[in-house]
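Student: Quick one: the structure is below, questions incoming.
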Amino acid sequence: YLLLLCLPLTLMGTGAVPPGPSIEIHPRIVGGWECDKHSQPWQALLTFTNGLDGVCGGVLVHPQWVLTAAHCIGDNYKIKLGLHDRFSKDDPFQEFQVSASFPHPSYNMRLLKLLLSDEMNDTYYYEIFPGADFSHDLMMMQLEKPVQLNDAVQVLDLPTQEPQVGSKCHASGWGSMDPYSRNFPRTGKLQCVDLTLMSNNECSRSHIFKITDDMLCAGHIKGRKDTCGGDSGGPLICDGVFQGTTSWGSYPCGKPRMPGVYVKIFSHVDWIREIIATHS
């Protein structure tokens, strides 16, 4: 979840935050509840290094492929599936190394690197942020071997049509539950939150980043419920259909009239299938 208000930290979730409007790249679950165990069997936990330790979510879209956020780029990837309590030694899960990763070619990786660089200063921050476009925030991760499908590990089907504004959705992840935390503490047990799909026009009036047709916005007018730091790449499921992955949002998470922003999966189905077909 990329925080629009605290960009330099958003990927790793620690460090100083520049003054002014924020944008967060790693959403976390705020105002939700503990998911029923293994009720989200497609949910993946991605850990990696990128100067600091990173945590993201992901979605199993094929027995050997996990979809996550492009801004979760790093090294030494490990992916866990079938997990509920990430701190429990007794929780059975499957763990995999990543043999190859494929960020979406249209994602603005150069801008992301600038936002996370030591060279960023307040002046440059305000010059570059308004209207910045973080579309196509997706990355495909090829596992070293196929998963073993069971009650706790299942593939989530890709959508066949776009969701409608007003759809009832839910998101899930192990991200922080504190909307004001600058250190992004993460929860141990998988959290779920209910959200409502909002119009992109309404969303664009709330955020300084560009809202495109390849994005979805979900939240609540009154706020209080949101994804947040550590939830990036996790699923947004609307009316029972996989429609989005967590991308970015405001700081603090869960602000009124500031919905979280998600990648519209329907716009990227062909790319996802092409990656799987070409590299499997």
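Positions of Cβ are set from backbone N, Cα and C atoms, glycine also.
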Student: Pick from C228, C238, C253: which cysteine does Swiss-Prot list as forming a disulfide with C169?
Tutor: C238
Student: Could you pull the disulfide partner of C217 out of C203, C228, going by Swiss-Prot?
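Tutor: Recorded disulfide partner of C217 in Swiss-Prot: C203.
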Student: Disulfide-wise, see what Swiss-Prot says C192 is paired with, picking from C6, C35.
Tutor: C35
Student: C56 has a disulfide partner in Swiss-Prot; which of C6, C72 is it?
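Tutor: If we follow Swiss-Prot, the cysteine bonded to C56 turns out to be C72.
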Student: Across the domain 'Peptidase S1' (29-277), what is the average pLDDT of the model, as a whole number?
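Tutor: Averaged over the domain 'Peptidase S1' (29-277), the predicted model reaches a pLDDT of 89.
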Student: What is the Cβ neighbour count of S99 (O-linked glycosylation site) at a 10 Å cut-off, with all protein chains included?
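Tutor: 13, counting other Cβ atoms within 10 Å of S99 (O-linked glycosylation site).
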Student: How would DSSP class S99 (O-linked glycosylation site) in three states?
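Tutor: Where S99 (O-linked glycosylation site) sits, the three-state DSSP reduction gives strand.
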Student: Could you tell me the C-alpha distance between H71 (active site, charge relay system) and S99 (O-linked glycosylation site) in angstrom, no decimals?
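Tutor: Here the two Cα atoms lie 18 Å apart.
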Student: So, in DSSP terms, is H71 (active site, charge relay system) helix, strand, or coil?
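Tutor: Assignment for H71 (active site, charge relay system) reads helix.
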